[in-house]
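Enquirer: Can you keep this structure in mind? I'll have questions shortly.
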Amino acid sequence: MPLAAMSKNEMEKALKRAQEQNARLRKRLAEAEKSEQLLKSIFEYIPEGLIIAEVPDASIRAISRHGLSLFDRPREAILGCTGPEVIKEWKVFHPDGVTQAEYDELPLIRAMTNGEDVREEEWIILRPDGKKIPVLINAGPIRGKEGTITGGVLAWIETEKRKQLEEALRESEARYRSFFEASRDVVLLTSPEGSILAANKAAQEMYGATEEELIEKGRQVFVDTSDPRLGAFLEERTRTGSARGEYRSRRKDGTLFPTEASSGVFTTMDGILRTTTILRDITERKRAEQALRESEDLLSRVLDALPVGVFIADAQGGIARVNPAGERIWGGARRAPLDRLDEYKGWWADSGRRIEAREWAFARAFERGETSMNEIIDIECFDGARKTIRNAAVPVRDASGRIISAIAVIEDISAERRAQEALRNREVQYRALAENSPDMIVRYSPDLHYLYVNPSIEHAVGIPPEAFKGKRIGQLGLPKDLQCSIAKAVHAVRKTGQEQTLEWSWETSVGTKHFQTMFAPEASRDGGVDSVLTISREITSLRRLEEDLRRARDAAEEANRAKSQFLANMSHEIRTPMNGIMGMVELALMGCKDARSREYLGYAKNSAVNLLDIVNDILDLSKIEAGRMELEKSVFRPREMLESLFAIQGSQAEQKGLRFKTHVDPNVPKRLVGDEGRLRQILTNLVGNAVKYTREGEVAVFVTAEVLKQDQEQGEHRRADLVSLVFSIRDTGIGIAPDKLPRIFEPFTRGAQDAEFGGTGLGLTITKQLVELMNGRIDVRSTLGQGSTFTVSLLLQTAPKEAIPAEPLGEGIAQDRAKPLRILLAEDNEINRFMALELLKLRGHEIVTADNGKQALEALAKEAFDLVLMDAQMPVMDGEEATRRIRAGEAGNPRIHIVALTAYALRGDRERFLAVGMDDYLSKPIDLEELERVLARIGSGDKSAE
């Protein structure tokens with residue numbers, strides 16, 4: 001259609017089609033250029049001869065660079081030559097090398113003429129220079145779009161080179177196979193998809209499977225596909241053609257183990273992609289790495305825990321690491337390169353010279369390989385503090401001996417230096433003390449050499465200290481016995497580590513000197529005894545003083561014995577007539593009807609009782625002072641004892657017109673274990689004093705108790721409970737002056753007012769000492785003119801329920817009085833004999849008397865008796881001797897009841913009489929109620945003494 005006849009729309013469409021066609025042409029042109037460039041590259045680098053020829057005359061259009069070597073001509077001389085031209089110059093022969101090929105027989109001509117596809121035919125080419133070259137030829141036609149042949153391709157390779165390549169391939173394959181089989185590492189030939197194509201022996205051993213099992217099951221079984229590292233490994237191999245890494249593998253038995261893998265991709269001659277993978281079981285390496293990590297972690301923790309500072313160098317010799325102790329010592333130690341060690345300020349302790357950076361032991365160890373030990377350095381820390389350190393450093397070398405690092409160790413010895421300085425000062429002081437001490441000071445070595453002797457030894461024994469230097473104790477003429485004593489003491493100190501003491505004497509021109517030596521161990525660092533230090537002091541005057549004291553002690557003991565004997569004699573001499581006096585008064589009272597006479601006799605009896613109380617107080621005080629007072633431990637009824645006491649003391653208070661108040665805590669137990677008599681004595685003394693020293697008002701006695709439970713078991717029975725008893729005695733009497741109050745418990749102490757009220761001044765003393773003997777406490781509060789309050793606190797045991805208290809005096813006597821006894825009375829004192837005879841007859845007993853022990857034995861041999869009342873002290877034969885003979889069967893019944901009658905009342909008398917065989921003991925003056933109790937008990941058949 002003419003351009004002018006086109007509409008605008010049609011023109012636009014035509015223009016668009018032209019543009020599109022032009023774009024397609026440009027694209028084809030670019031593709032053609034690209035193809036041509038690719039073809040050029042192939043012809044340039046392909047390692048075979050290659051020719052492209054055109055029909056009809058087989059003119060050469062292109063030739064490869066490798067093909068030019070066959071023709072030995074430049075490319076310009078070859079391009080455009082026709083087939084007939086070529087074979088004129090380069091002749092072609094059959095493989096026999098003799099028969100020349102016709103033009104139509106040539107592979108390229110056959111391919112271009114007949115379309116024949118020629119594969120690996122052998123031919124020989126004769127070059128113009130006469131050289132025959134065997135070749136292996138491939139040839140084929142080039143067809144156009146319509147399928148017509150437009151040209152042909154000829155490719156060849158020299159047969160010799162191919163044989164060389166094949167031989168090289170065979171050698172390479174043999175080497176690979178040898179490596180494959182002999183490799184200690186696992187080698188697998190695999191496909192990219194994971195199939196195992198071949199596995200060497202190492203693989204079979206590592207996986208625990210045969211090659212057939214590995215090939216059959218493949219990667220999916222023998223690799224832990226859940227390991228995320230496997231995916232990254234395969235991705236890298238796909239992307240780059242090779243990969244290295246670690247992942248978990250799995251043995252045939254399912255065990256997982258770590259492996260290190262190296263894998264690459266290659267293409268076979270057939271163009272098939274294959275992969276090779278080399279693996280190594282790194283279980284041991286992992287263990288070693290773990291052990292190394294643990295070791296490094298341990299080392300790190302050890303370094304952190306060390307009390308000394310540790311500095312470690314890096315590869316350049318600078319400070320790479322400092323442990324916490326090092327940082328503390330330096331007040332914030334920091335890393336520093338080798339050339340900046342001058343940031344650490346230090347001075348040599350011995351000279352005070354500043355240490356340069358390269359002079360530090362750390363630097364010398366790294367740079368010169370020096371080992372330094374025990375360098376003492378004064379430093380200025382980064383926080384400004386001044387310290388003294390002990391420094392050491394060693395180089396660290398590798399296996400070849402090359403220095404790769406250095407380690408320095410520092411220790412803060414500031415306190416040690418101060419201690420050493422103080423020790424030196426103390427040593428100077430102690431040496432001055434030793435040199436100037438009046439005592440002898442000697443140090444002995446374990447083999448008894450003198451290590452030190454102070455100057456005082458010359459004054460003591462007359463030998464100068466220089467004479468002892470380097471000598472043993474046997475080399476200075478010391479007495480043999482003294483040498484042996486010293487050696488034994490030194491040996492004992494070394495063996496036991498304990499101090500020893502030795503006393504010895506030294507004869508001098510002025511007399512004998514006495515010394516006391518103390519041997520003390522001097523410990524070594526290992527805890528043993530390094531040496532023995534002795535200090536000897538002259539004790540001559542002390543010995544004299546001790547001798548004087550011994551004589552004084554002997555004299556005091558003799559005086560005490562004399563006093564005790566005097567008290568015993570006085571007790572006997574006083575009690576004997578007192579026994580007669582009180583007995584006769586009792587007899588007189590029994591037979592006297594006249595009231596006036598009975599009043600006189602009552603006064604006489606009271607006076608005798610008061611005199612007996614005084615004697616008893618003196619004896620008690622003597623016993624307590626001599627430590628001979630013993631407390632009884634028996635069951636008693638505290639309430640009944642208190643009621644009896646209150647009745648007597650209340651009666652006396654009423655006689656003086658005083659109010660007498662009492663209160664006993666309901667918690668006071670029914671039965672207690674203790675000394676009832678001494679408790680009664682304490683309370684009688686205190687309540688009696690309250691009544692005695694009160695003119696008007698009242699006397700009040702309060703008893704409180706708190707039971708303390710005992711949970712422990714003792715055998716089959718629970719331990720008895722304890723009860724805390726508090727006795728408070730309050731009066732409104734005369735009181736005690738403040739200046740007298742601290743001394744009221746001292747013996748024979750009386751106030752000015754005691755002249756009015758009387759008394760020996762022993763009562764409170766004995767009371768206090770009895771309370772303390774019971775492990776109790778007595779306190780007093782008093783106001784002069786207003787009264788006093790005495791408080792006694794005691795801790796006693798409650799009695800078990802099954803325990804039966806002793807029968808109170810008087811109970812059970814009446815019912816036994818009717819039973820008469822036949823009694824032998826052995827008593828040398830006529831008055832006492834008469835008194836006892838009358839009293840016993842009045843009670844219905846039959847009495848036979850004897851003046852001494854011999855007469856008693858004679859009477860017992862002739863007659864039978866129920867009881868013997870035996871005086872202890874009689875002429876001819878005393879009561880003790882008579883008792884021994886009775887018990888020996890020399891007179892009458894050897895089991896007869898024997899009761900001692902004695903005026904002795906000191907500690908040990910009762911026990912002495914019971915020990916010789918007597919059954920009981922009655923002290924003079926005889927208490928009639930006590931006598932009735934003994935006779936009633938014997939009459940009932942109970943012989944045991946209480």
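Keep in mind that glycine also has a Cβ here, set from the backbone N, Cα and C atoms.
Annotation comment: TrEMBL describes 4-42, 535-569 as coiled coil. Marked as domain 'PAC' by TrEMBL: 119-171, 243-294, 372-425. According to TrEMBL, the feature domain 'PAS' maps to 172-217, 295-331, 426-481. The domain 'Histidine kinase' feature in TrEMBL is assigned to 569-798. The feature domain 'Response regulatory' is assigned by TrEMBL to 822-939. The 4-aspartylphosphate annotation in TrEMBL covers ASP871.
Walk me through the surroundings of each of these features.
Expert: Residue counts for the domain 'PAS' (172-217) under DSSP, helix first, then strand, then coil, are 25 helix, 9 strand, 12 coil.
Across the domain 'PAC' (243-294), DSSP helix (H, G, I), strand (E, B) and coil residues number 12 helix, 29 strand, 11 coil.
Under DSSP, residues within the domain 'PAS' (295-331) fall into helix, strand and coil as 18 helix, 9 strand, 10 coil.
Per DSSP, the domain 'PAC' (372-425) is made up of 12 helix, 31 strand, 11 coil.
The 10 Å shell around the Cβ of ASP871 (4-aspartylphosphate) contains 27 further Cβ atoms across the protein chains shown. DSSP assigns ASP871 (4-aspartylphosphate) to a strand.
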Enquirer: Which one of these stretches, 243-294, 426-481, 822-939, has the most C-beta pairs shorter than 8 Å to the domain 'PAS' (172-217)?
Expert: 243-294
Enquirer: Can you break down the domain 'Response regulatory' (822-939) into helix, strand and coil residue counts using DSSP?
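Expert: DSSP composition of the domain 'Response regulatory' (822-939): 51 helix, 25 strand, 42 coil.
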Enquirer: Quick check on the domain 'PAC' (119-171): DSSP residue counts for helix, strand, coil, in that order please.
Expert: 13 helix, 30 strand, 10 coil
Enquirer: Grab the pLDDT values for the domain 'PAC' (119-171) and give me their mean, rounded.
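Expert: 83, rounded to a whole number.
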